[in-house]
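Comments concern the structure below.
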Amino acid sequence: MLNKVKKIIASDLVKVFSFTSISTIIKLITGYVSVKIVASIIGPAGITLLGQLQNFTAIFTTLGAGGINNGVVKYVSEFNDDKKTLKQFLSNGFKITFCLSLFFGLILILLSHPISTWILLDVKYYYVFIFLGISLLLFSINNYFLSILNGFKEFKRFIIVNIITSLVGLIFTVLLVLMFHLEGALIANVSYQGVVLFVTFFLVRKYDWFNKEYLWGHWNIKILKKYASYSLMALVSAATVPISQLLIRGYLIKNFSINTAGYWEGMNRISTLYMVFFTTTFGVYYLPKLSEIKNNLSLKNEVIKTYKIIAPLILISLVIVFLLKDVVINLLFTKEFYSMKDLFFWQLLGDFFKIMSWILAFIMVAKSMPKIYILTEIIFSFSLITFSYFFINANGIIGATQAYCLNYFLYFIVMVFIFKNLIFSKN
């Protein structure tokens with residue numbers, strides 16, 4: 001038993017998890033300070049609008065990057081020893097990101113007025129989308145370079161950029177919220193990531209791949225087709241997840257109030273804060289690792305090892321958050337948000353099934369399985385909206401978290417069914 005524990009502790013996953021914990025703790029602290037200040041100044045209604053903007057920004061961030069970042073991680077991991085092929089993937093990837101971010105940034109600027117009315121319920125916030133349009137090129141390129149670092153397993157530099165991003169985000173958010181309140185929070189949300197590009201430039205400037213030969217070669221149809229499957233997966237995910245949240249939030253606003261929707265948004269933010277430990281590790285270690293594995297036995301072993309490590313950690317985290325829910329609300333928010341206390345149980349249980357299902361779902365990304373990935377994303381986004389409408393009508397705001405829990409439980413069952421031959425095979 002002791003030997004097994006030592007073996008787990010010595011595993012690469014635990015090492016990376018420990019290493020990323022530094023970045024994650026800083027992200028949690030900056031996230032806490034940011035949420036606390038924003039919540040205390042703009043209240044539940046402001047948190048609701050900020051959630052609307054973040055969902056919309058997530059869609060256009062993916063559109064601006066062409067949805068290829070996970071593909072970049074996979075192909076850099078896979079072809080890091082083949083310079084000729086690597087050049088083709090990197091140059092085509094950079095040109096996709098550059099061209100699409102310019103195109104969609106221009107759309108945001110030209111359509112800023114109607115988009116503001118649709119997303120933020122008032123045309124007066126149109127300038128927020130102009131800021132987003134200008135910033136889109138900057139943080140699309142920044143995310144592209146980070147994907148390259150991740151693919152090369154340059155964990156230290158990758159984490160340094162993440163730490164700087166958290167700190168810059170905190171400074172931007174606090175200063176702008178204190179100066180301009182809600183308007184400041186909205187502007188900070190769409191602009192701070194662009195500034196980090198200059199830090200990333202400094203950190204990657206001496207790498208062999210950071211030159212015109214690697215980043216601006218000829219278009220290659222075969223490479224574009226390979227990236228296309230990742231674009232489809234990312235674009236579907238980027239559309240279905242934020243749109244489902246937009247619709248659920250809109251349903252809560254329409255049938256209850258904007259403050260009620262703010263409680264639900266606050267619960268989502270709590271989930272995001274503590275789950276960042278796991279999502280960061282998945283992105284930094286798990287996806288590149290799955291991408292480079294060549295046979296099913298090694299793939300199975302990696303998945304089982306990940307379950308053995310992640311499952312106990314996520315359970316412990318959930319129990320701690322649930323037991324300290326009063327403290328969490330007081331720390332992160334204000335007394336106005338105390339009504340969200342009843343949302344914790346179903347939300348946290350849903351988070352457990354979400355992480356458990358992601359361990360398997362990442363295989364679809366790492367091994368480029370676009371058809372089944374897209375199908376499950378669409379089906380379960382639709383089912384989340386359907387379940388939410390039904391349970392909200394039956395049980396009020398708590399129904400939104402019950403729907404979330406049921407949806408991810410079913411998603412986990414489907415993931416197990418899809419990969420049953422991998423998980424339960426003896427060979």
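In case you wondered, yes, glycine gets a Cβ from its N, Cα and C as well.
The transmembrane segment annotation in TrEMBL covers 93-113 (among others). Same-chain neighbours of the transmembrane segment (93-113): 60, 63-66, 68, 71-72, 123, 126-130, 132-137, 140-141, 144, 215-216, 219, 224, 227, counting only residues six or more beyond its ends whose CB sits under 8 Å from a CB of the stretch.
Counting residues 6+ beyond its ends, the transmembrane segment (125-146) has Cβ neighbours under 8 Å at 53, 57, 60-61, 64-65, 69, 72, 93-94, 97-98, 100-102, 104-109, 111-113, 115-116, 158, 161, 183, 186-187, 190-191, 193-197, 200-201, 204 in the same chain. Residues or ranges marked as transmembrane segment in TrEMBL: 125-146 (among others).
According to TrEMBL, the feature transmembrane segment maps to 158-180 (among others).
Per TrEMBL, the feature transmembrane segment maps to 186-204 (among others).
For 227-248 (among others), the entry in TrEMBL reads transmembrane segment.
The transmembrane segment annotation in TrEMBL covers 268-288 (among others).
According to TrEMBL, the transmembrane segment annotation covers 309-332 (among others).
Tertiary proximity for the transmembrane segment (344-365) is limited to same-chain residues at least six positions away from its ends with a CB under 8 Å from its CB atoms, namely 70, 74, 230, 233, 267-268, 270-271, 275, 278, 282, 286-287, 290, 299, 303, 306-307, 310-311, 314-315, 318, 321-322, 325, 372-373, 376, 398, 401-402, 404-409, 411-412, 415-416, 418-419, 422-423. The transmembrane segment annotation in TrEMBL covers 344-365 (among others).
What TrEMBL lists as transmembrane segment is 372-391 (among others).
Annotated transmembrane segment per TrEMBL: 397-419 (among others), in sequence order.
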Exercise. Among 158-180, 186-204, 227-248, 397-419, which stretch has the highest count of C-beta pairs below 8 Å with the transmembrane segment (372-391)?
Worked result: 397-419
